[in-house]
Amino acid sequence: MDTSFANDWGLLCDRETERNQLPSYFMLSSSIGTLCSGVIFDKFGRRNGTMFYYISAMIVYAVMAFAPDFAIFKICYSCLGFLTCGIGSYTLMMEMSKSSWKWVVGTTCTISWTVGNLWMILCTYFVRDWRLALKLTSLPLLSTLALPFILPESPRWLIKNGKKDEAVHWIKHISARNGVEIDDKYIMSSIAPMLKHQESETAKLNENLWDFLKAKSLMIRFVILCLISFSLNILWMNIIMAADKMHCCIYITYAVFIILEGPLRGSYTGVLTRKVRRKGIYFFSGFSAIFFLLMLALTKFDEEDEYAILKLGLGAIAKLCCTSYFVFMFTLTVEVLPTNFRQRGLTILMCAGNIGGAIGPVLFNKIGTLTPYTALFHLIIVQYGKKSRQFLMHVRECSSKAITLHCTHARSKSAKCKATAKIKISSYLIVDPD
């Protein structure tokens, strides 16, 4: 770059730490954002929440591109962290898709992340002024102005909140978009059982959530999943901040990232998420740490930089495994959690990961980015989860029958109380129907 905000605002030498702490501000505000996003999406709806986050991000980007000083830039950067959680949420798309197509949603959303990285690299490579590059990077956000006209509300959320007239309206709207005309009576007859079921479930919601908190085995599993997300995000931040050590040209490094995380990840995750969830979580999260350790070992002994390509390959595969993990984790979590608890459960899981991402930059400023401790810590967490009888890996692949049976076992301590536990637990952990 011919210009940079570090040069423009003197963030060099003794002020370099201020610049390096920007990712921590971003991830810390993202942690707060995850807690708020669940409330916003559940309270105001999937459609309104999505529009709020996207349009707000567009405004913040515009302010950041014209920021007069580093303080304003830092505030805007933190606000983006807060808003990113809502932008990255694909609950609406998941709820609008039947079970056999949920893997498509998860894969497509992760590919869009790669496309965004590609657009960022192209903008910064060809445009050497950082302000103009930032404006071009945020240009696709202008498309969010069309959201009020094209984005539907989730009928599932409307039914859950007893808004049957609005649910009928949006179902008719979606059907018309797909070239199918259906009348109100047919829709009402179709959703009547769901409305009746929802009324009974709403009355038992507080009791069900309390049962969930009392289910020790289920809570332990969820805590372990949060720990894995926490440790993996520290590792992910470590890989990102060590990207300049993988190759002398950062653009080559990110080009390799994009090639691997684009077509390659899209092809195999699209196939694997149709077959497995839990195995993908363990495999990719574990191997991300292993490949990063191999890259660090090669960096230590390759002082002449003779194996630069191999070093780059190991680092890129480590990052590829990290980003592949998120597809399986969020797809499984969305499928398992019930509608009433889905967004809140996701926000807790994301918050745990974001806290790890916030700790990472502060940690690396003290011990450096070429450290094996983050990978080793993550491997310990994953191995503990694998061996623990309480971990989700012991649940059969996602199906309502398997989850019901497993939750019954988790909540029951003897054969006599299994029938009672099955009624209580399956009512809020069973996978939503198509």
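Each Cβ is built from the backbone N, Cα and C atoms, and glycine gets one as well.
Taking TrEMBL as the reference, the stretch among 72-92, 240-260 described by the feature transmembrane segment is residues 72-92.
Scored on C-beta pairs under 8 angstroms, the neighbour of the transmembrane segment (307-334) with the top count among 48-66, 218-236, 281-301, 346-364 is 281-301. For the transmembrane segment (346-364), the neighbouring stretch richest in Cβ pairs under 8 Å, chosen from 22-41, 218-236, 281-301, is 22-41.
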